[in-house]
Amino acid sequence: MAARTALPAQGANPIIGFVHRRRRGAELFLLVLALAVGIGAYAAVGIGVQGRVPADIVGYGGWLTALVVAAHVVVRIVAPYADPVLLPVVAALNGLGLAFIHRVDLVDGTDLARNQLIWMTLGAVLFMVTLVVLRDHRVLTRFTYTAGLSAIVLLLLPMMPVLGTEIRGARIWISLGPFSFQPGEVAKVLLVIAFAGYLVLHRDALALAGRRVLFVDLPRGRDLGPILGMWLVSLGILVFQKDLGSSLLFFGLFLVMLYVSTERPGWLVVGGALFLGGALTAWRLFGHVQTRVSVWLDPFAYYGEGTNDTGFQNVEGLFGMAWGGLLGRGFGGGDPTRIPIVESDFIIAGLGEELGLTGVIAILLLYGLIVERALRAAIISRDGFGKLLATGLGSVFALQVFVVIGGVTGLIPLTGLTTPFLSQGGSSLVANWVVIALLLRISDLARSPVPDLTADAEDDADESTQVIKL
Amino acid sequence: MNKPIRTVSVGIMLLFLALMLNVTYLQYWRADSLDSDPENRRAVDATFSQERGAVLVGRQAVAESVPSDDRYEFQRTYAKPLLYAHATGWFNYYNAQSSDCTTCQQWIEQTQNDILSGDDDRLFVTRLVDLLSNQGQKGGNVQLTLDPEAQQAAFDGLRQTIGPDGQGSVVALDPRTGKVLAMVSLPSFDPNRLASHDLSEVNAAYEQLDADEDDPLNNRAIQTTLPPGSTFKIVTAAAAIESGEYTAADQVPGGATYQLPLTSGETGLIDNEGRSCGTSLIPFAQAMEQSCNTTFARLAVEVGADAMRDQAEAFGFNEEYFDDLQPQAESVFPTDMNEPETGQSGIGQFEVRATPLQMAMVAAGIANDGKVMRPYLVDEVQSPEFERIEATEPELLSEAVSESTANQVTELMVSTVDNGTASPAAIDGISVAGKTGTAQSGIDDVPPYAWFTSFAPADDPQVAVAIVIQKAPGIDRGEIAGGLLGGPIAKAVMEAVIR
């Protein structure tokens, strides 16, 4: 994280008085494109797998359209200045994920896509509720410690004897009747809120004191408390829940937010050292970490006859993506169900097989856009809490994408995390919709005209006049 | 806080760049090597599901893919399984998995895999059209040189002679080009069983065939070398004439027995098993007609070990020359022989070993004025629409003997059919050149091998044949003789080609 020089010098302050346009029309247009992606993919799955357009395409497409239009209308009313790109990108990703889960359903005879659509509906509803209820994100600072405490409770829930369930070696699920829920996904959002609230208050103390060693300002020993605490929580998740991915995610998130709030790269050095130390210790002590690393280094040694097949999922994923090549096999043309749980963590491998490198790059760019819009909102946000919150949400999103897709494609060791908006799984989907709602709220506040000008800003046509006025 | 946010942005951008680069490397650069990984079931499944091109003999498809209603789209079927098994080979899940396997069966299904599967560069345009019209890739066809009538005649004749439990092989070549007109190896097997979609069935069939004592999976025409016995006298005669010491009209040493140099007693004593070979000098033609061991052993000694080896190698011994089917056995002519060994080798014994294809090439070389053509089985490769893409050009393998020598040896062989041991191969109205052979197996309890090689018409050769009968359980040991057993088969095959 070094290259700081390449950025434009206009720097810290946006031109005061510059008024953003609302761009709701643009959002609507992009939403139409996003719906075309989602519904088109659904139709393509039907044609590719069954040879015909699915019979329920009208109902499905109608439902998707209704959800998206409702979300758009709510945004138009309660957050008129919100970023116009985020919602369409999310709609496109979500639609693509649904189509692919439906494709897996057709092969496996399962009904995951229907469930996923219900979760998406719930996610969209929560998205709207968040926007309606939360008119100013700064309200959330009141819940700093509540959020932090809830997050810790949620993280502890899977450890409870009756509620918690261990699936595929990680104890991160809770079961309520037929539903299983991953509280870590919700905890993720709560943690960002808690960190942002805490850091915005204590940033000065964390930032000012310290001494300089070899060009970096190292923090004081007594200020190391929070970071050490978070480090221990992450290690605890790793040790007790065997959840490598979340552990990495939470610690990375905390580190980034600490750095942004204090503006001191020293924290990155300390945090990086702690991360390396923790990772090395975990690798030495825990069998499941060692296995992940060995499989990452040479997945083919753990695949096929005569091995224990620990690398089966990785290798099938690699084979699948290679098989997809540049343009992919097309929906129904590949054999993605060879990959275990391809509808969840490995969905990017399945999409890579059927949509090819082109499709994967497009998806990565969509994710990149979400992160870029989040960080843009952070930069133009007028309050520290908003900046931190947006940075945190954007970073956690980016880290999650990097950890899971990097793991599936063999860039880093595989750790179990869901692929935002694509993977099958309700908790992740709902939590991520709320993340987007928060980002829209921050961007709405950041982009809307400064309060005393609100009256004039109603009319877009007057915009140029307003700029001259100041 | 904007400065660190920008730094974080750059950091995240680097992470995304790393993801994109890695995915590009994986799906673009590394894709080919992953796709060809033998453990990659996706690639294997796809290969196995493809519509492969057909293998054609004459106008008939002897191997083709027909639509199948199980989990794979096409089933490979062999129309005349026993007749063409050793040419086509088979195609099943395992073969699809290891298309570059060098230790396994490498017959037409394998050596022409790129054409049949459609992966060959020459089919690029076809592939492109298939891709654009959204159709599955179709493979090209392979036209074999085999002559269906000759093949059938060879198969029927050999089968009749050796019975159901016998072992033997027939090869027929077009001497002018090297085209393989017939290639039969018995016992044969049914490649349909090995091409089943049911892998356990395939395994059971393979194990059974592999365990069979008569070794049906062996293509004896190219994979089994046996002592060629008296058929090798053609090479000895050619060497003697090439040496300049003799012509076909000359007298050659004869006699009832010949004691090999440096030996004494039974072991080094060559006789003629009662055939009439005169006392001291006899006409060259008589020596050939009566297949006189005493003559040819002595000629070999006179020519010398080195010249004998040069002559044998000029016909193709001690090398591999057949590309269309693999693996193949090299025919052997030993090096560094002493005089008695040289004498033995002159009558096709000692350590001389030849495949039936090799002996057919000896006959074909003589027939084609001394020029040995490289044998080939793939006549042409075609597009899926049966348009010719490339035809195999005949290629000269070596000039084994001069035209004059070839003509003289032909004379000797013609008179062997007209007046001598090879008479069963005679065809009315056509001049046939031939030579018999009965080679000692050198193993107790194993009866001798009967050989026959011939070509016709002698003045304008169209076909050269070699036949070996390795085991004929129904026939008494005493009756095993090349002329009697092989002659009629050779005649039938030659007639099938000429008429």
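Glycine is treated like the rest: Cβ placed from N, Cα and C.
Taken from TrEMBL, the feature transmembrane segment applies to A:28-51, A:57-78, A:85-104, A:116-134, A:143-163, A:183-201, A:221-238, A:244-260, A:267-286, A:346-367, A:388-415, A:421-440.
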Is the count of Cβ pairs under 8 Å between the transmembrane segment (A:28-51) and the transmembrane segment (A:267-286), pairs 6 or more apart in sequence, 3 or more?
-> no
Which of A:57-78, A:116-134, A:143-163, A:244-260, A:267-286 has the most Cβ pairs closer than 8 Å to the transmembrane segment (A:388-415)?
-> A:244-260
Within the same chain, the residues 6 or more beyond the ends of the transmembrane segment (A:183-201) and with Cβ under 8 Å of it are 140-141, 143-145, 147-148, 150-152, 154-155, 157-158, 172, 174, 226, 237, 243, 246, 249-250, 253-254, 257-258, 261-262, 384-385, 388-389, 392-393, 396, 418, 427-428, 430-432, 434-435, 438
What stretch, picked from A:85-104, A:116-134, A:267-286, has the most CB pairs under 8 A with the transmembrane segment (A:346-367)?
-> A:85-104
Would you confirm whether the transmembrane segment (A:421-440) and the transmembrane segment (A:143-163) meet the contact rule of 3 or more C-beta pairs below 8 angstroms, pairs 6 or more apart in sequence?
-> no
Close approaches to the transmembrane segment (A:57-78) from elsewhere in its chain (Cβ under 8 angstroms; 6 or more beyond its ends) = 24, 27-28, 31, 34-35, 38-39, 42-43, 46, 87, 91, 95, 98, 117, 120-121, 124, 127-128, 131-132, 135, 440
Beyond a gap of at least 6 residues from its ends, the CB atoms lying under 8 Å from the transmembrane segment (A:85-104) belong to 27, 30-31, 33-35, 37-39, 41-42, 44-45, 48-49, 54, 64, 68, 71-72, 75, 110, 112-113, 116-117, 120, 331-332, 336-337, 342-343, 347, 350-351, 354, 363, 366-367, 369-370, 373-374, 419-424, 429, 432-433, 436, 439-440, 443
In terms of Cβ proximity under 8 Å, which residues at least six beyond the ends of the transmembrane segment (A:143-163) contact it?
-> 171-176, 183-184, 186-187, 190-191, 193-194, 197-198, 201, 233, 237, 240-241
